[in-house]
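Visitor: Here it is: the structure, laid out below.
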Amino acid sequence: MASASSPVIKDAKVLMVGAGGIGCELLKTLALSGFSDIHIIDMDTIEVSNLNRQFLFRQSHVGQSKAKVARDAVLKFRPKINITSYHANVKDPDFDVDFFKEFNVVLNGLDNLDARRHVNRLCLAADVPLVESGTTGFLGQVTVHVKGRTECYECQPKPAPKTYPVCTITSTPSKFVHCIVWAKELLFSKLFGDKNQDNDLNVRSSDAASSSKNVDDIFEHNNDEDITQYGRRIFDHVFGYNIELALSNEETWKNRNRPKPIYSKDVLSDDFAKQNGNLDNDNACSDGLSVSAMSSLGMKNPQDVWSLRENSRILLEALRLFFTKREKEIGNLSFDKDDQLAVEFVTAAANIRAASFGIPLHSLFEAKGIAGNIVHAVATTNAVIAGLIVIEAIKVLKNDVNKYRMTYCLEHPSRNLLLMPVEPFEPNKSCYVCSESPVLLEINTNRSKLKDVVEKIIKAKLGMNLPLIMNASNLLYEAGDIEEDMVAIYDANLEKVLAELPSPVTGGTMLTVEDFQQELKCNINIKHREEFDEEKEPDGMVLSGWTQPASAEETKDKSVSNGANTSDAPTAAESENDDDIGIVSPVKKRKLPDDSNKPNTDDAKHQKQLQVIDDEDDLVMLDGNLDGFKKRRVS
């Protein structure tokens, strides 16, 4: 290992992307290891919830730029080094390929897949080595990506967020996470977000006398209507009337447990308003995000599981506080895990719905973790991973190819090891990013529009930001800074079905898609297909040949909850714990080359595959007998 005074360290120009949990530790470790020219990009500002692990930040820094504050904090104990901070999005056009070419190595400490893919592509285009990282709880990983020598970040599948059919969420929930999604995405959004959004909550009750005369007005609060009565009306509609309406379809409940309608009069006495908070002298703090229904009702422990009555009181009190303390925000709100009142409302609503469907209730602490996809971070793991990043960065700078390692940090020892080093894979020849292999898109060319392909495939799945689409020599669409007359033409093309474009796209067509910002080019082979399974293929199109996660049919969903014993978890297919918390779609273990030191049968039984997700990163971890992880040595 090079010393801190070594030119390979002292003269290196390093780009850090992300100044959060890993980033704070990484910047500190780089500075103390002798690096003297460090650039940091981060678009986020500091939040109170960051302070328990992002040690460079203090209470007084809340609301300020993470990159700038981190820079200032490190310069206090390393004043002679150069640190440049950018409070910006790494996807901004200023950070192009030429910008990346200025650096000797790029170190990622990001918290989302989209930005990681973007940085991976710029590093490939600029031919700059990338060291990736991630943590979740006690688990972590560091991987090295060098163009032409190792696989790129997108050569292998990554975990994808779990999605649920709308019918399950609105009609037949069977898990608490279904109730959370309903409370967060439907009820909360309908009450406090855009009132004009479409969802199934305002289905008209069969009891016309009790229901609103106009279905569209069911969620409207009239100025002369008492807020308590409004709250009870909403309560009765979503937990009572709509459940009764659902029960009228006998076919749905032939093989399911029937839900129980819940009305406010059944769980709250008529004088509950007198008990439900102090209307004149709230204990709840009145400054924005600090307003709390729990405080108003004198409830303190977020780890208590509330009764149905307590959940009902919290729901109505939270609704009252939104309309009395935060009325100006109503109509523009979206769920935020750091918004205490929003979390209280969603927890209570999810629990009431869970009670109706016979699903176990959860505490606010648990519900917040589910709603915010939170796996609580461990500062020590971030510190360990930051150290490993620096070790791999030094190897890269020394061009010590044979010593590159992907290293996994485990929660429990495997063969007496908590840190498991693995030789990196060589590039995947079928990777559409670094090997430019074509992908296949099955689609109904007579029904699907070009807009669908752009939004659902090119941007959402292939991760391009400013795509240009060509059919042979004909330009169908281009995003970015273009002339106004061309904008009108491209906008018109977006609304046309593929087969009716000026240069028709039909079965057998090969589209060429480029993103000049990422300097990425991809060919898409089109295969016409008439029908799609609405449940399994909701997009009405199927993309293959890209590094997508395994489907639910291939493996059961594997999830990792807060405090879960992840390193002892069975394979996804064997797991009996099906709580979809921090949900990840499992991926297949990569096929490894034959090796003379194959593990014996007993050892093989203990090999495991873990997939975990975190507010710091998405992780794909391999755990088991070290002999089973001999890889092709990169050359």
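Just so it is clear, glycine is given a Cβ too, placed from its N, Cα and C backbone atoms.
Caution: TrEMBL annotation is automatic and unverified by curators.
The domain 'THIF-type NAD/FAD binding fold' annotation in TrEMBL covers 9-431. TrEMBL lists 18-23, Asp42, 50-53, Lys66, 111-116 with the feature ATP binding site. Taken from TrEMBL, the feature Zn(2+) binding site applies to Cys152, Cys155, Cys431, Cys434. Marked as domain 'Ubiquitin/SUMO-activating enzyme ubiquitin-like' by TrEMBL: 441-532. Annotated compositional bias 'Polar residues' per TrEMBL: 560-569, in sequence order.
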Visitor: Let's check the environment of Cys152 (Zn(2+) binding site): how many other CB atoms sit within 10 Å of its CB?
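Guide: For Cys152 (Zn(2+) binding site), the 10 Å Cβ neighbour count is 24.
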Visitor: Go through Cys155, Cys431, Cys434, the listed binding-site residues, and name the one with the sparsest Cβ surroundings, counting other Cβ atoms within 10 Å.
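Guide: Candidates: the binding-site residues Cys155, Cys431, Cys434. Fewest Cβ atoms within 10 Å: Cys431.
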Visitor: If you run through the domain 'Ubiquitin/SUMO-activating enzyme ubiquitin-like' (441-532) with DSSP, how many residues end up as helix, strand and coil?
Guide: 24 helix, 30 strand, 38 coil
Visitor: List the residues of the same chain that sit at least 6 positions away from Asp114 (ATP binding site) in sequence and have their Cβ under 8 Å from its Cβ, in sequence order, or write 'none'.
Guide: Gly463
Visitor: Taking only the residues in the domain 'Ubiquitin/SUMO-activating enzyme ubiquitin-like' (441-532), give me the average pLDDT of this model.
Guide: 91
Visitor: For Asn52 (ATP binding site), which residues of its chain lie six or more apart in sequence with Cβ-Cβ distance below 8 Å?
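Guide: The answer is Ala377, Ala379.
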Visitor: On a count of neighbouring CB atoms within 10 A, which of the binding-site residues Asp42, Asp111 is highest?
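Guide: Sorting the candidates by Cβ neighbours within 10 Å, the top entry is Asp42.
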Visitor: How big is the Cα-to-Cα gap, in Å, between Cys152 (Zn(2+) binding site) and Asp111 (ATP binding site)?
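Guide: Cα-Cα, rounded: 18 Å.
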Visitor: Within the same chain, and leaving aside Cys152, Cys155, Cys431, Cys434, name every residue whose CB is within 8 angstroms of the centroid of the CB atoms belonging to the recorded Zn(2+) site, in sequence order.
Guide: Leu124, Glu151, Tyr153, Glu154, Pro427, Asn428, Val433, Ser435
Visitor: Between C-alpha atoms, which of these binding-site residues comes nearest to Gly21 (ATP binding site): Cys155, Cys431, Cys434?
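Guide: So, of the listed binding-site residues, the one sitting closest to Gly21 (ATP binding site) is Cys155.
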Visitor: Roughly how many angstrom lie between the C-alpha atoms of Asp42 (ATP binding site) and Cys155 (Zn(2+) binding site)?
Guide: 25
Visitor: Long-range neighbours only, meaning 6 or more apart in sequence with Cβ under 8 Å: which ones does Gly18 (ATP binding site) have?
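Guide: In sequence order, Ile41, Asp42, Asn108, Gly109, Leu110, Asp111 meet the Cβ cut-off.
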Visitor: Would you count the other CB atoms within 10 A of the CB of Gly21 (ATP binding site), including those on all shown protein chains?
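Guide: The answer is 28 other Cβ atoms.
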